[in-house]
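As written in TrEMBL, here are the features:
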type: TRANSMEM; residues: A:20-46; note: transmembrane segment
type: TRANSMEM; residues: A:58-76; note: transmembrane segment
type: TRANSMEM; residues: A:96-120; note: transmembrane segment
type: TRANSMEM; residues: A:127-150; note: transmembrane segment
type: TRANSMEM; residues: A:191-212; note: transmembrane segment
type: TRANSMEM; residues: A:224-244; note: transmembrane segment
type: TRANSMEM; residues: A:343-366; note: transmembrane segment
type: TRANSMEM; residues: A:378-400; note: transmembrane segment
type: TRANSMEM; residues: A:434-451; note: transmembrane segment
Amino acid sequence: MLSSGISIVFLARWQFAMTTIFHFFFVPFSIGLGFIVAIMELLYVIKKNDVYKQMTIFWGRIFLLSFAVGVVTGLIQEFQFGMNWSVYSRFMGDIFGAPLAIEALAAFFMESTFIGLWIFTWDRFPAWLHCLMIWLVSFGTMLSALWILAANSFMQNPVGYMIDPKTGRANMVSFFDVINNYQLKMEFPHVIFGAWVTAAIVIAGMSAWALLRNKTKFTDFWRKSIKVSLIVGLIASIGVIAAGDLQTRYVSNEQQMKFAAMEGVYKTTGKSAPWSAIAGLDTTNHKTKWSLDVPYALSMLTYHKTTGAVKGMNEVNKTLHAKYDKQFGKSVNYYVPTKTLFWSFRVMAISGGWFALVSIVGLWMNRKSSESILNQRWFLYVLGLTMWLPFAANTAGWLITEFGRNPWVVYGLLTIADAVSPNVSVASLLTSNILYFAVFCCLGLVMIWLAHRELRKGPDDLASLDQAVIDPYAKEAFSK
Amino acid sequence: MSMTQNFWFLIIGLLFSIFFFLEGFDFGVGMSIKGLAKNEAERDSLISSIGPHWDGNEVWLITAGGALFASFPMWYASLFSGFYLILLFVLIALIFRGVSFEFRSRMHTDSGRNIWEWAASIGSFCAPFLLGMLFTAMVKGMPIDKAGDISASFTDYVNWFSIVGGVAVALLCLLHGLNFIRLKTTGELRQRALAYSKPLYWVLYAGEVVFAILVYVYTDFFTDKPLSTLLILVAIVALSVIDHVGTLMDHEKLSFFSTGLTLVGVVVLLFNGLYPRVMIANNPKFSILAADASSSPYTLHIMTIVTLSILPIVLVYFIWSYWVFRKRIQTKGVSHAE
């Protein structure tokens, strides 16, 4: 019984990790791409230059692919709370269900309706109205992020609730507090900027590969694509770093275990904390074996000044035991997967800086008066390879957020081990894990293959742009 | 049971009704891609006819799921964990169907398109079939324990009643889709949809009679609420007849709306029988009542305000998008995006 209990939790967690990570390859890409495509179409409406229409259609196609995969993998998310985590759903439904339902009502209808209108109305709507459709889609995708993050924020930092003494479940007492969660204010901008960076870097990277293949074909198209995307990329990478800095400082206050693990601090530091750029961590004995330190830097990062101690995991662990042992027992392990958090944080932080750097260099080389972006092939390779990095950075960010919440599913209220559906068998979970894995491999490969093929084909010729858009609703067809 | 709890039970039923009315026809059109359409151009027409709509239609299911979670968490938790494998296969069907339309349009070869046409077709059949099975098994009653958890065996999910329920829902969706095709296409394709649907009505009538008998045998609907159950069953059959007449007289709007309402009738029948329970246990003691399964009055209150303020706006642009695409599809005029 015990062993099967452990397997259920393990399999359910594995499934959540797998489905969420895969889903979140496409979510930020779609949010960002929708936004940048909307900018491209706006440029077309304002400047009336056909190359922007060409850009809107070409990148719009990539957007539609990503959006489709994002939508269907999102279905799994909504269902799996009930399927795999029924105890959690009962405990949290009073609070968690509301943002989820509002997400569907306010955001999903908007996205799906206006994306349908956008695809099929190139010929039928005036340019400005058509452009408005994609802006509404883009707005919908960001609204959707807001509501799902509101739900996630409650799990990280429960506010606006009360435990019902009769049922033992969490009841909402203030909807305003739930959506006014400080955690949400930190998470949302970070995620949105991250999404913009993701799409910007991928557009620039794909354009770079196209220019590497043939720098004379559609040169203006690819260079304009790089320009638009890297302007967004630069602004958003600065935004993502700034929002990340605020969030890190917030975490250092509110979720000390998460923060200490991100920085690999086991022993509480002295008055001015050095920052370990890299370190060897001994997770069994809870010790740092060796580290490459930058003096004062951790205090600087945490408090923006040279002094200020940072609590180590060992001390935080004791505090947590003192706080929660009475209710949850002594056997709960409060150490989070330290190595994962430590290295994920480095991947994410370095990526953020790298995106800003690449954007600046790229914009400079791509300036109007210069041909250097076409001749400096090494940089096109850098740009082309960088396009995979945002996906790693996004995943790293969520690994920190979610693993750093261990052992809780809802911080301080419910442990992961207690949240799983008790009646779902190991066989069922194994089946679903295997099927999802196979489906994701299939979808991922098809998606990459199709995007690659779109890229090789390149945009439609300006002359045939009008035929590039489908409008099966022939005007003369309106008759019985 | 409080008024807001009743209201939310009604909303959940309404959301599922709208879902089946709308997604029902795009399931049916999806099923027809293989079988009804004879060539590439016709398949293009069929997919174009639901192109701008199917995604929005599916959001009604997502909203129903989300609303269920928000308003009746105990219901959501029992239902979703208890019908694990059925829901898993519903998801797989919806996933492949969901990407199929987009992926198909990017294929350069017939065999490439063929793969995604089958994905759309099979997915469009499996999803309503499995959902029909799920809802039928749910009203038949499941082995539910004190905590509200279902631990059921194969025959609790798959039995004559649930299979007939699944087939009935899938068949209704197919007819609904054929009627939509009549509404949205012209010429030969439209005529063929009409011809295909005619014999199906006799299958539908037979199915409805068998289903009614099985409802009598397997559920407590007739002992619990004889009058309303009978009335709804009569309404379902009457709507099928109207639909049939609309088909024989080649009156497509009449056919389309009555198949849609027949699907709604099935949802109403199930929800009417369910009330005031949300899950029916084999041991009546453990049936879950709406009154016990709901969120707190505060959350229900908030959700009511949010829904009443957002839903009207959604309906306005949702209906507007149908109005924009009110015209018929020209089969010849359709060419590939590439």
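Glycine residues also receive a Cβ, built from the backbone N, Cα and C atoms like all the rest.
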Contact set, same chain, for the transmembrane segment (A:58-76): CB under 8 Å, 6 or more residues outside the stretch: 19, 22-23, 26-27, 29-30, 33-34, 36-37, 40, 111-112, 115, 118-119, 134, 203, 206, 221, 225, 436, 440, 443, 447, 450-451, 454, 458-460
Chain residues outside the transmembrane segment (A:434-451) and at least six past its termini with a C-beta under 8 angstroms from it: 15, 18-19, 22, 25, 62, 65-66, 69, 72-73, 76, 206
Close approaches to the transmembrane segment (A:224-244) from elsewhere in its chain (Cβ under 8 angstroms; 6 or more beyond its ends): 32, 35-36, 39-40, 43, 51-52, 55, 59, 186, 189-190, 193-194, 196-197, 199-201, 203-204, 207-208, 348-349, 352-353, 355-356, 358-360, 362-363, 366, 373, 383
Of A:20-46, A:343-366, A:378-400, whichever stretch has the most CB pairs under 8 A to the transmembrane segment (A:191-212): A:378-400
Residues from the same chain, set at least six apart from the ends of the transmembrane segment (A:20-46), whose C-beta lies under 8 A from its own: 52-53, 55-56, 59-60, 62-63, 66-67, 69-70, 73-74, 76-77, 127-128, 130-131, 134-135, 137-138, 141-142, 145, 191-192, 194-200, 202-203, 228-229, 232, 236, 390-391, 394-395, 398, 402, 440, 444
